[in-house]
Amino acid sequence: MNCLTVPGVHPGSPGRPRGQIQVIFGPMFSGKSTELMRRVRRFQLAQYRCLLVKYAKDTRYCTTGVSTHDRNTMEARPACALQDVYQEALGSAVIGIDEGQFFPDIVEFCEKMANTGKTVIVAALDGTFQRKAFGSILNLVPLAESVVKLNAVCMECYREASYTKRLGAEREVEVIGGADKYHSVCRACYFQKRPQQLGSENKENVPMGVKQLDMPASRKIFAS
């Protein structure tokens, strides 16, 4: 599958409007936001009314727009829940959503908008740093017309990277950060501890079935 192929459906056409959901998955640093912005700009050039939504708590690079890790930006509407932009979305033909995994109503919103004839493009992490499903985002897969998963470059060995590895000891699922907190990694490097992770506080990257020799006396548990 060509990961850059966009289905040729024209939202808001004079005949019957045909909605669709496009999903762009991948680990951190795989170019998800870059691809989302490329697709939205493509529709803007064709004079479609577009709405780009960003997660309001992600203020790493820009507070008023979507930003890639290399600081390319695009104006966006910040929100913590997609219902907050419902009316604006109804007035748009194309809706782009960045960091879709953080929105609790992502599945319901996308399905509702697609059923009203909108093209909805979602960029999201498919998995957490523990390689578990991120919220309800994977429930979009059976509803979507187009699903792609981009790979990054492993930041530890430079091979293809499909996973996101947390560098710190935080246990919460939602910890927003860049290269200071996360690496994109391949399968082998996901299980390889970095020097600062050799202590006993971070065991998320240990493969199942491997016995732990360093057992802490106590450990704070976070709900995830």
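Every residue, even glycine, has its Cβ placed from backbone N, Cα and C.
Owing to the predicted nature of the structure, the values given are computational and were not obtained by experimental measurement.
Phe129 is the only one of Phe129, Phe191 that Swiss-Prot places in the substrate site (with Val173, Glu174, Val175, Ile176, Gly177, Tyr182).
Between the alpha carbons (Cα) of Cys189 (Zn(2+) binding site) and Tyr182 (substrate binding site) lies a span of roughly 13 Å. Among the binding-site residues listed here, namely Ser30, Asp58, Gln101, Cys157, Ser30 has its C-alpha nearest to that of Tyr182 (substrate binding site). Within the group of binding-site residues (Phe129, Tyr182), the Cβ with the highest number of other Cβ atoms inside 10 Å belongs to Phe129. The binding-site residues in question are Cys154, Val173, Cys189, and the one with the fewest Cβ neighbours inside 10 Å is Val173.
Taking the Cβ of Met28 (ATP binding site) as centre and 10 Å as the limit, one finds 23 other Cβ atoms among all the protein chains shown.
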